[in-house]
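Chemist: Per TrEMBL, the features are:
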type: ACT_SITE; residues: D312; note: active site, proton acceptor
type: BINDING; residues: K18, S19, R23, S163, Q165, D312, K339; note: 3-phosphoshikimate binding site
type: BINDING; residues: K18, G90, R118, Q165, R343, R385; note: phosphoenolpyruvate binding site
type: DOMAIN; residues: 7-419; note: domain 'Enolpyruvate transferase'
Amino acid sequence: MNFTHNGLSGEIHIPGDKSISHRSIMFGSIAKGKTVVKNFLAGEDCLSTIACFRKLGVKIEHEDQTVIIHGEGIDALKEPEEVLDVGNSGTTIRLIMGILSGRPFHSVLIGDSSIGKRPMTRVVGPLKEMGAKIEGRQSGEFTPLSVTGGELESITYTLPVASAQVKSAIILAGLQAKGTTKIIEPEKTRDHTERMIHAFSGNVSNDNGTISVEGGQSFTATNLIVPGDISSAAFFLAAGAIVPNSKIVLKNVGLNPTRTGIIDVLKEMGAKMTIEPYESNGHEEPTGDIFIETSELKGVTIDGDKIPRLIDEIPIIALLSTQATGKTIIKDAQELKVKETNRIDTVVNELKKLGANIEATDDGMIIEGQTSLSGGTVESYGDHRIGMMLSIASLISDGDIELYQPDAIAVSYPSFFDHIDHLLVK
Ligand SMILES: O=C(O)C1=C[C@@H](OP(=O)(O)O)[C@@H](O)[C@H](O)C1
Ligand SMILES: C=C(OP(=O)(O)O)C(=O)O
């Protein structure tokens, strides 16, 4: 990659949120009636979710950023004749298991080689406790997995890891169980599932970190507009702050407080940034525009309950930190080891190749800035967020960066390179 440029300028519309796009398909499929979803993220992960629900018998029309789901209620889901392939998507496999656990039929779930290494017991354990029959490699830890659902009992479950995927899987099973399921969240994680239950006229409550959901609810179709994905915006927030001579506007960014850790970090680092929220109403996801320009940054410490609010942004925060003066310490982020790649290893290895002063720790990394980055040959290892972070690095590196496996970026941001091209001042 060799982007010759004189800074970044102009505005881009951030594509739809991946977490919310997945959930819009799932709830549209189990609701009754026609759900129209606008600004849907047509990235590979969300396309895998559509393909799975079509195999479960749901009629779904899809064109560009619009999806129409003809839901007939959860009881209308049918035993799939084929294997359900989730591709690269952890969110798809973990959430769909919550739905399948309460369905009286058999399904088989597979994914790509990355999914085959990601832990599933965190979801399989509580779902089996509720009554689902789930089997897989190494006692259900890894795909391929088979799920035979049926009648479920409610449980009270304390999450051992702060994971919105685990919470959401148990909520989706709890919606089909006898009685009230309670989930105790040690740290707050993204609440898109809870907001979507309200949007589809259902009920769920959160009392000081205890989420309660009543079984036997039915949902009514609705129309949704998916906000832009702050996890995608993060790459351009970083670019705007570290590429010299830059001033850019990111339109339509989701500003759900369970996701805005990256904004807090940028502010603490000293970024010149302003946020203009749109008017919101009720349970809809808050959204707004973000203005950012080239900034002098300083290192920060990121730990504890800040981590779930920016877990997917840590690769790009590592790059930001190489351009900040002083030390950035990221800790309590062991979860990075079980994402599409071990993101502690992939971030540290690839940034080191470009001359960054960065060291891995057991639960995060330590970065010492400010360092100028060189060119070199680097790899995404099939991880979209690593690919995008390294592409942004090429905007500030002294030499060319050659990136292997850039295709992975289409998992969450198919228009990523078009957006870079649009913002570059040539
Ligand atoms: O619920 C979701 O949509 C997601 C939750 C997070 O995973 P965990 O639940 O494993 O923390 C996040 O990393 C993932 O990209 C999307
Ligand atoms: C971890 C991610 O997604 P998933 O778990 O859905 O594969 C991600 O998008 O960074």
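Including glycine, each Cβ sits where the backbone N, Cα and C put it.
For the listed features, I'd like the structural context: burial, neighbours, distances.
Modeler: A 10 Å cutoff on Cβ-Cβ distances gives D312 (active site, proton acceptor) a total of 24 other Cβ atoms nearby, all chains included. Secondary structure at D312 (active site, proton acceptor), taken from DSSP and collapsed to helix, strand or coil, is helix.
In the three-state DSSP scheme, S163 (3-phosphoshikimate binding site) falls into the coil class.
Sequence-distant contacts of G90 (phosphoenolpyruvate binding site), defined as residues of its own chain at least six apart whose C-beta falls under 8 angstroms from its C-beta, comprise I115, R118, Q165, K339, E340. According to DSSP, G90 (phosphoenolpyruvate binding site) sits within a helical segment.
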Chemist: When the pLDDT values for the domain 'Enolpyruvate transferase' (7-419) are averaged, what is the result?
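Modeler: Averaged over the domain 'Enolpyruvate transferase' (7-419), per-residue pLDDT gives 97.
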Chemist: By Cβ count within 10 Å, point out the most packed of the binding-site residues listed: R118, R385.
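Modeler: That would be R385, with the highest Cβ count within 10 Å.
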Chemist: Those binding-site residues, S19, R23, R118, S163, R343: which ones have a Cβ sitting under 6 Å from ligand 2?
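Modeler: Qualifying residues: none.
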Chemist: For the C-alpha pair, I'd like the distance in angstrom between R385 (phosphoenolpyruvate binding site) and S19 (3-phosphoshikimate binding site), rounded off.
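Modeler: Answer for this pair: 15 Å between alpha carbons.
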Chemist: Quick one: pull the CA-CA distance for R23 (3-phosphoshikimate binding site) versus R343 (phosphoenolpyruvate binding site), whole Å only.
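Modeler: Just about 25 Å between their Cα atoms.
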Chemist: Near ligand 1, which of the binding-site residues R23, R343, R385 have CB less than 6 Å from any of its atoms?
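Modeler: None, as no Cβ falls under 6 Å.
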